[in-house]
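Taken verbatim from Swiss-Prot:
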- 31: N-linked glycosylation site (CARBOHYD)
- 111: N-linked glycosylation site (CARBOHYD)
- 127: N-linked glycosylation site (CARBOHYD)
- 135: N-linked glycosylation site (CARBOHYD)
- 176: N-linked glycosylation site (CARBOHYD)
- 311: N-linked glycosylation site (CARBOHYD)
- 373: N-linked glycosylation site (CARBOHYD)
- 386: N-linked glycosylation site (CARBOHYD)
- 412: N-linked glycosylation site (CARBOHYD)
- 415: N-linked glycosylation site (CARBOHYD)
- 422: N-linked glycosylation site (CARBOHYD)
- 482: N-linked glycosylation site (CARBOHYD)
- 18-559: topological domain 'Extracellular' (TOPO_DOM)
- 581-615: topological domain 'Cytoplasmic' (TOPO_DOM)
- 560-580: transmembrane segment (TRANSMEM)
């Protein structure tokens, strides 16, 4: 029995330990370094508006074109979402014959036949033949997104996503000669129902998670009232960092809520955009409804700026921004113009000019959100232990923040001790006459983040580097003192000029403006930024060495049930065994011992029948 209880306690301890890892995801595994990079870049971006939060996307058309328009082509989507893909671009076709939205680029003849074992059929339109499943709809895509959102719906893992529609038409010119065409493609069988009636219907499965134009309007109205009721004059010194960020980005062309507000206060996980509308002009064309406008962002509300890798416009934009400086200063106005211009800035590749590691890094750093559209990315299945081509080739290039392989300490580090609780400030060091200098030189604590020419890297907090000071009211204006170096523990806002504070970039444009300042002032890397994981390993926070990790150990209900189930089963088995022991088990040794002594005493008294007290 004791052995069973010991086994139970071991299993229970293992299960409870498993309930609260820092990452609690299901599905294809993602290496720890990538998870930490994804989460930390998201956390850094929390105070900035959601339209400035960089993401990477994938075009589903590339999967459909290479594998056919069926649900099997979506098998990689969940795995890609786990690998830091947060955008899904979809070509959506308005079928003028049936007045439905569908994913297949060709109409289905009304006499089409298919079997449950082979649902994919060949359909032709405009001199092209497609393999399409009539049952395929946007619900197949949205159900995968819904599962991913549910599986990651914790403060630790939740990210903000984008669904992007390209609207197209299955169009024909109506005439006497097209009567037979209409008869062939008009929907006649009510049991054969292909597509959705409205745009709003295509995303109805995700309705509770969508940040809508209606919510944006409510936020803007509320923000306007708060601004009018508060004082119009605020001293710069009284602003904390969050207020300073809000004050700067409130000058944007479109006032948007922060990622923190949207993701962790309103609990919204995605936006839906129509990024292009190429529907043919026709009396049978789809008419955008009021309900659509309340749910989906169109270009007149939130515009999209789309670049293509085979077009020089995106490269020209990046070149101008990365060279926005001269011998005397950085062109802050140009960086601010880009930062405050509210657009969905996309760069899309293709088979002729796919992304390279260098081009992808360039586009991400200068403010573009890449969308992988080349068919080469769909050639490999994404399973547990088998990552996608995108992840294998471009993981390090999807981040505007971290350098390749980061966040991580140095390779083969055998003495990476972390004496971070007992450090000496610059003030106590001065009072000791600099006696702590030698002690600091022997300390190692790879817990602080420095900017290098390749991006952020985890560095030894006791090293003395230059440090980044950011203007409180102008997010792209930085000061770097080439004559002053500090270790991370000695840094505070007093080391920066008036109106500046020790800070870090929170967007790709802020990052680029800092790196441009480094070039303009001709200073050397590395440079300290306000980011560390001192209090909790791999929980990167800003606010100095005393900043606390904001996360409690949380887990979704579904995951908690799945993880506690083994312990519950073991506990029930042990309870049943205890019950069976109490009911059915007897101890023969104890029972015989009782009977034997009772009989022996009775026989003794029968032979020795004393009366009175023996002498």
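Cβ atoms here come from the backbone N, Cα and C positions, even for glycine.
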Euclidean distance between Cα atoms of residue 176 (N-linked glycosylation site) and residue 135 (N-linked glycosylation site), Å = 31
Inquiry  = With the cut-off set at 10 Å between Cβ atoms, which of these glycosylation sites ends up with the most neighbours? Options: 31, 135, 311, 386, 482.
reply    = 135
Inquiry  = Using only C-alpha positions, which one of 127, 386, 482 is spatially nearest residue 111 (N-linked glycosylation site)? These are the glycosylation sites in the record.
reply    = 127
Remark   = Counting Cβ atoms within 10 Å of each Cβ, the densest environment among the glycosylation sites 127, 373 belongs to 373
Ask   = For the glycosylation sites listed here, 111, 176, which shows the highest count of neighbouring CB atoms within 10 A?
value = 111
Reduced DSSP assignment, residue 386 (N-linked glycosylation site) = strand
Message = Under DSSP, is residue 176 (N-linked glycosylation site) part of a helix or a strand, or is it coil?
response = helix
Inquiry  = Give me the CA-CA distance between residue 373 (N-linked glycosylation site) and residue 176 (N-linked glycosylation site), in Å, as a whole number.
reply    = 40
Request  = Calculate the distance in Å between the alpha carbons (Cα) of residue 31 (N-linked glycosylation site) and residue 386 (N-linked glycosylation site), and round it to a whole number.
outcome  = 11
Ask   = If you average the pLDDT over the topological domain 'Extracellular' (18-559), what number do you get?
value = 89
